[in-house]
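S.K.: For N181, E247, the entry in Swiss-Prot reads Mn(2+) binding site. Swiss-Prot lists I184, Y185, R186, R198, W199, L200, R203, G204 with the feature prenylated FMN binding site. Per Swiss-Prot, active site, proton donor is recorded for D296, and the stated evidence type is sequence analysis.
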Amino acid sequence: MKYQDLRDFIVQLEERGELKRISAPVDTHLEMTEIADRVLRAGGPALLFEQPVTRGVAQAMPVLANLFGTPQRVALGMGEELADGDWQTPLREVGSLLAFLKEPEPPKGFRDAWEKLPVFRQVLNMAPKEVRSAPCQEVVWEGADVDLARLPIQHCWPGDVAPLITWGLVVTRGPGKKRQNLGIYRQQVLSRDRVIMRWLAHRGGALDFRDHQQASSGEAFPVAVVLGCDPATILGAVTPVPDSLSEYQFAGLLRGAKTELVKCMGSDLQVPASAEIVLEGVIHPGDTAAEGPYGDHTGYYNEVSEFPVFTIDRITMRRDPIYHSTYTGKPPDEPAMLGLALNEVFVPLLQRQYPEIVDFYLPPEGCSYRLAVVSIRKQYPGHAKRVMFGIWSFLRQFMYTKFIIVVDDDVAIRDWKEVIWALTTRVDATRDTVLVDNTPIDYLDFASPVASLGSKMGLDATNKWPGETTREWGRPIVMDDVVKARVDAMWDELGL
């Protein structure tokens, strides 16, 4: 589904019955979360709250929620068309494109080179276009007008310490870098013009800030936060885009049109011209604050830690902006649905590097990425362990995967009954368990003994080959195909 911007996407979702307008007043304090959570768990539409209130005070802008509440809407956001509701095939095609761009194979001859040329031409033609004026700068708040209380920012859970900006697309650029980094980092509201930027040390924004501090000690670091962006750009920020391709360029490929950018009014950072709201400001070195606690995608409240403070100098927006928001909680939530959809993008990327992989699955119940199940065409003893370590190190997205289960290709890995059968019949607890200590772990994983550092486990649930066992290995029970066909033919007569 091709679209121009977030508003065009909303219109098309509504035409498909994938968006519901809520005209009744709904409070951004807890009520909005409860409604969005019930609708998402039922597989319902995106929601546009037209009359948000904050503790009884009416807000001027509508709130968009559950935009990516189903994998089907994620596929639509990536510019794909769905045939008969099939969202997996189009997302696999996106993954195949990324795999090709990440590691393009040398052409096998002139004809092959000619066939691949349009792909490279399309990538080159999708370089972002800078414009001088933009809808996102139609209204400008500066000085005393900057007040985050004027935005309908959600307070998601009873134990949350303050309202939280959840879908902020954070734009940064490190010193000497041409390419900007886009990342999604939550932001706790401290005051009318200050929020806490919760980015983990290995994330792109944090790395840009670290490099800036080393190169320009004592100078403020420019940051822009986009609230309400076209879906392709948001998804580009959470997709493993090759380093040779900018997220803005990838978004253009998905949308089928160049991403138009406009320079921020107070810095050289560029933001999507069609954005709804943009926060412009700086992070001052040494300016930090205690962040949290907040309910997170784990289903728990996270511990309190120090993170940099983002001071907002200016807020620019459309004349009638839409505030884009979400909540995170025990799966299923919107991040879980995103993870379910991106799972299909990951499969071709993994298969390009490891052709023996048949399928790969990140169960939503595993908090999007903490547990992975992979099936392989096993070729030699120890093969499963090679695949485990390959997955842990292949994409940044898998750095925090705590558990990997490897099975043979006769196991349907998206059926837990099949996976549990393989685990209980093909695993010896000592021989087939791989434990790796002192590895990077999600900061939010309170089960690890040290913040951001913990252990990983791999389980080899494949059939064992000579060299892996000295015993005769069991053969699965399978009915004779001729008998099955004969019973199929008589089935109606049996009255069963």
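Counting begins at 1 with the first residue displayed.
Quick reminder: no glycine exception, Cβ is built from N, Cα and C everywhere.
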S.K.: Given the binding-site residues N181, R186, L200, R203, G204, find the one whose Cα is closest in space to the Cα of the residue listed as 'active site, proton donor'.
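M.R.: Closest by Cα: R186.
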S.K.: Which are the residues of the chain, I184, Y185, R186, R198, W199, L200, R203, G204 excluded, whose CB is within 8 A of where the CB atoms of the prenylated FMN site average out, their centroid?
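M.R.: Going along the sequence, the neighbours come out as V170, G183, M197, G205, A206.
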S.K.: Including all protein chains shown, what's the count of other C-beta atoms within 10 A of the C-beta of R186 (prenylated FMN binding site)?
M.R.: 22
S.K.: Cα-Cα separation of Y185 (prenylated FMN binding site) and E247 (Mn(2+) binding site), in Å?
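M.R.: With distance taken Cα to Cα, E247 (Mn(2+) binding site) is 16 Å from Y185 (prenylated FMN binding site).
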S.K.: The record names I184, Y185, R186, R198, W199, L200, R203, G204 as the residues that bind prenylated FMN; what is their largest Cα to Cα distance in Å?
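M.R.: If we measure all Cα pairs in I184, Y185, R186, R198, W199, L200, R203, G204, the largest is 14 Å.
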S.K.: Which of N181, W199, L200 (the binding-site residues) has the most other Cβ atoms within 10 Å?
M.R.: W199
S.K.: What's the CA-CA gap between I184 (prenylated FMN binding site) and E247 (Mn(2+) binding site) in angstrom, rounded?
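M.R.: It is 12 Å, counting Cα to Cα.
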S.K.: Compute the C-alpha separation of L200 (prenylated FMN binding site) from N181 (Mn(2+) binding site), stating it in Å without decimals.
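M.R.: Cα to Cα, L200 (prenylated FMN binding site) and N181 (Mn(2+) binding site) are separated by 14 Å.
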S.K.: Determine, using Cα-Cα distances only, which of these binding-site residues is closest to N181 (Mn(2+) binding site): R198, W199, R203, G204.
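M.R.: Nearest by Cα distance to N181 (Mn(2+) binding site): G204.
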S.K.: Cα distance, E247 (Mn(2+) binding site) to R203 (prenylated FMN binding site), nearest Å?
M.R.: 15
S.K.: Within the chain of E247 (Mn(2+) binding site), which residues six or more apart in sequence place their C-beta under 8 angstroms from its C-beta?
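M.R.: Correct list: L182, T233, G236, A237, T239, V241.
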S.K.: Translate the DSSP assignment of N181 (Mn(2+) binding site) into the three-state scheme.
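M.R.: DSSP assigns N181 (Mn(2+) binding site) to strand.
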